[in-house]
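See structure below.
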Amino acid sequence: MYIHHLALRDFRNYRRQDVALSPTTILLYGPNAAGKTSLLEAIFYLATTRSPRLSSDRDLVRWDAVGEAGAPPFARIAADVERRIGPVRLEILVQRRLDDGGQPLNGAQKLVRIDKRPARAIDLIGQLRVVLFTPTDVMLVDGPPAERRRYLDITLSQLDPHYVRTLAYYQKILLQRNSLLRAWREQRRLPRNVDAELGYWDQELAAAGGYLLAERLRAVVELSALAGSIYRKISGGEHELQIEYIASCDLDAARDAGSLAERLRLAFAAQRTDELARGQTLCGPHRDDLVFNVAGVNLGRYGSRGQQRTIALALKIGEAELMQQRGGDAPVLLLDDVLSELDNRRRMHLLDLILRPQQQTLLTATNLSDFSADFLAAARRFRVEDGQLFAG
């Protein structure tokens, strides 16, 4: 899988940009704030419909963009993608929302097209599979559990259309169940038939949660094997990384979706009193976590910055291999400032891993001195200046 043509309009600091891309390694270099990271962000957004950097899509639209015929300004990302199952053209427009006086409102409107036909945003996910690494991804290792759950969800949503839809349904039911629990707590009065009132929500949440758990547990086993050996190669050490899934409910030995759903339903019933007192659902996929161990040591808690960054890199490259094994196509690998904070040995091992056949990789750097002559000869280069790409 690779992007052979990318077009941007009024996205971040890009006014207009059309570029043909090769299916190999592409190096984007130039000064800070030139637009290197924004180009990776555009590709990630097209693949996942979300920005890795912003909570509000309206800020994706270039600040001085002008709309047409009085319409609000918009950003446009379009790509022609080659895949094993056949080519596809993907397009997404992000349009600012304005009030009657022309002043910007919160949020933005998304318009999606697949092969020039209107589509839902959720249908875009998985059409183009990407793996993104940024300097802040060390938070996958030492940050809050929500970062690790989000990582698993983005990975699996790209691989499995049913996962992304089940996740959306789970989140909807969770919100409704929590609203009910919170309302009862605030009223300080419970209905006579609490179990009957919650029975439907318990059943629906458990069924959706069981599927999410089954897919997560399966993926963690595969990722642990893939990222484990990659960690050893990058670090040059003797020990492999081991990834452990920490469930917030007692799952016992359950691993299939049906058995996991039953374990969740039992957990909800067992925690009924505590949930009513606190006004929230206390266990389930929305409260789970991952732990990263090397030689029995939790490096999320006790690892050095270099070790944690190496884990994050190994996790991302392992994710790319998982996508290739499961989907038959290697995803597009997006590496932003990947060499910072790595010593020379780790850099050498990492660059050897990046230069792989049938793998389109886009990586950014501020200069070329960090790369070997062999790497520079093998990679296609673009100099990035003020939102423009120049070959060479």
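Glycine residues also receive a Cβ, built from the backbone N, Cα and C atoms like all the rest.
Marked as ATP binding site by Swiss-Prot on the basis of sequence analysis: GLY30, PRO31, ASN32, ALA33, ALA34, GLY35, LYS36, THR37.
Overlay of Swiss-Prot feature records on the structure.
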| residue | record | CB count, 10 Å |
| --- | --- | --- |
| GLY30 | ATP binding site | 20 |
| PRO31 | ATP binding site | 13 |
| ASN32 | ATP binding site | 8 |
| ALA33 | ATP binding site | 11 |
| ALA34 | ATP binding site | 21 |
| GLY35 | ATP binding site | 25 |
| LYS36 | ATP binding site | 25 |
| THR37 | ATP binding site | 21 |
List the other residues in this chain whose Cβ sits within 8 Å of the Cβ centroid of the ATP site residues GLY30, PRO31, ASN32, ALA33, ALA34, GLY35, LYS36, THR37, in sequence order.
SER38, THR364, THR366, VAL384
